[in-house]
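Working notes, structure below.
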Amino acid sequence: MRIHYLLFSFLLVLLSPLSVFTQSINNPVSCVTHGGICWGRCPGSFRQIGTCGLGKVRCCKKK
């Protein structure tokens, strides 16, 4: 029965960093924190990683 607790804690520690990547970027501060810039439309060498909280302003990061 103790192996279940060990397995659960191991999976919790192993999968917890993945929650960082699933959080949405929806404000300018988190955009800059993740290495992006707030731009109206992402230029060719950039990709969209979120929004900057306003309607059509996107958070773009270099590919």
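Including glycine, each Cβ sits where the backbone N, Cα and C put it.
For reference, Swiss-Prot has these:
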SIGNAL    1-22  signal peptide
MOD_RES   Gln23  pyrrolidone carboxylic acid
DISULFID  Cys31-Cys59  disulfide bond
DISULFID  Cys38-Cys52  disulfide bond
DISULFID  Cys42-Cys60  disulfide bond
Would you mind reading off the Cα separation of Cys59 (disulfide bond) from Cys42 (disulfide bond), to the nearest angstrom?
8
Least Cβ-packed of the disulfide-bonded residues Cys38, Cys52 (other Cβ atoms within 10 Å) is Cys38
Inter-residue C-alpha distance, Cys38 (disulfide bond) and Cys31 (disulfide bond) (nearest angstrom):
7
Candidates Cys42, Cys52, Cys60 (disulfide-bonded residues) passing the 10 Å Cα cutoff around Cys31 (disulfide bond) are Cys52, Cys60
Surrounding CB atoms that lie within 10 Å of the CB of Cys31 (disulfide bond), all protein chains:
24
Winner by Cβ contact number (other Cβ atoms within 10 Å) across the disulfide-bonded residues Cys42, Cys59, Cys60
Cys59
About how far apart, in whole Å, are the alpha carbons (Cα) of Cys42 (disulfide bond) and Cys52 (disulfide bond)?
12
Quick check for the class: what is the C-alpha distance, in angstrom and rounded, between Cys52 (disulfide bond) and Cys60 (disulfide bond)?
9
